[in-house]
């Protein structure tokens, strides 16, 4: 058979003719020929997501194309660099493998290779937490000990903890670094008592150089586990070992947490992470697209970033959803396609913002008056009454201040707004017709 690289290039040329442009560029373009052993052709995919997608969607297409070119029936297998044995296909060696030289009861570091400082996107909401984490990684137990990072789900706390672990190991391969969740700590502690191995458990976690413990809030209410962690914390701190803790809330807000633990968490530095702003969300999407080898138009990234503002996980998940949807329906990725792909998840997470001008527009339609009438000095009932309804709704359905509402209604005094609100509120108690009118207007606004 001809050179495998030439064969795969020919196959790609044929496959490109059979697929839509977005499907080919998203899934096939970044693949590479790896090896041919027996009747198995192995192809390298750039990442796990691409590998899984190729296996589920394009195996038969590739096998048929190879058969057309060679007349041979070959099975096709996809791999990613991390899964292959050849040295040139492996990622940079992780120096944490030195941990294998430790006794078998020493816990594995359990660090995610994707979570490093290089892959962390810095923004206004996480800049301080990132700087503190880097300082701790550069000088364990000398900068801030403990470092306590808190914030909502999916904002990057775990990423920073893993990044600290990687940095420490990269600069000190013999360092004993352990990452675990408080739930795992609790389960192992319970098992150690049941199996009469409490001493082994204590030795395991009190002989590390860096302890990274995630979601500490789950220790709340677990008195025995808190007792054990209290002594583990004391031992490590007294021996100048670094402790990094994460939580979804600051120590003072964790219920049923012992005061002595709470005070120790406050010994070092407490820093929070807040949801990313628009610029950071766009940067996160760009980095994710680059890492996955995806070609995403700027307008699509802007659309997703504007719609998903809760956390990073949902943001990246939305991007993958758009890419998958594009491939399924064989259409180019654009803002309209993104809106269609995300229509099921955006409404619940992105409530409509109601403005005073929108209220005036809808009320004007219902009562057949012009927009300028809301700001005019007219006092005829046909204008004044709808104006009062619009003022009432502006007070009820927006966050605007009384002066702001008055300004939007021709510069009227805030007392006029108060009077309108009180009048409509009283009328709504008994006036069923007005109740129905206001209900219909609210439905139109929503």
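Yeah, the Cβs are placed from backbone N, Cα and C, and that goes for glycine too.
For reference, Swiss-Prot has these:
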type: BINDING; residues: 154, 156, 157, 158; note: ATP binding site
type: REGION; residues: 1-72; note: region 'Domain I, interacts with DnaA modulators'
type: REGION; residues: 72-109; note: region 'Domain II'
type: REGION; residues: 110-326; note: region 'Domain III, AAA+ region'
type: REGION; residues: 327-446; note: region 'Domain IV, binds dsDNA'
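Neighbouring residues of the recorded ATP site, listed in sequence order and excluding 154, 156, 157, 158, comprise 151, 153, 155, 159, 160, 246, 273, 311, 312 (Cβ within 8 Å of the Cβ centroid). The DSSP breakdown of the region 'Domain I, interacts with DnaA modulators' (1-72), given as helix, strand and coil counts, is 45 helix, 11 strand, 16 coil. Residue 158 (ATP binding site) carries a helical DSSP state (H, G or I). Considering other CB atoms within 10 Å as the measure, the emptiest surroundings among the binding-site residues 154, 156 are those of 154.
Counting every protein chain shown, 26 other Cβ atoms lie within 10 Å of the Cβ of residue 157 (ATP binding site). For the region 'Domain IV, binds dsDNA' (327-446), the model's pLDDT averages out at 88. Here residue 158 (ATP binding site) comes close to 115, 214, 246: these same-chain residues lie at least six apart in sequence, with C-beta atoms under 8 angstroms from its C-beta.
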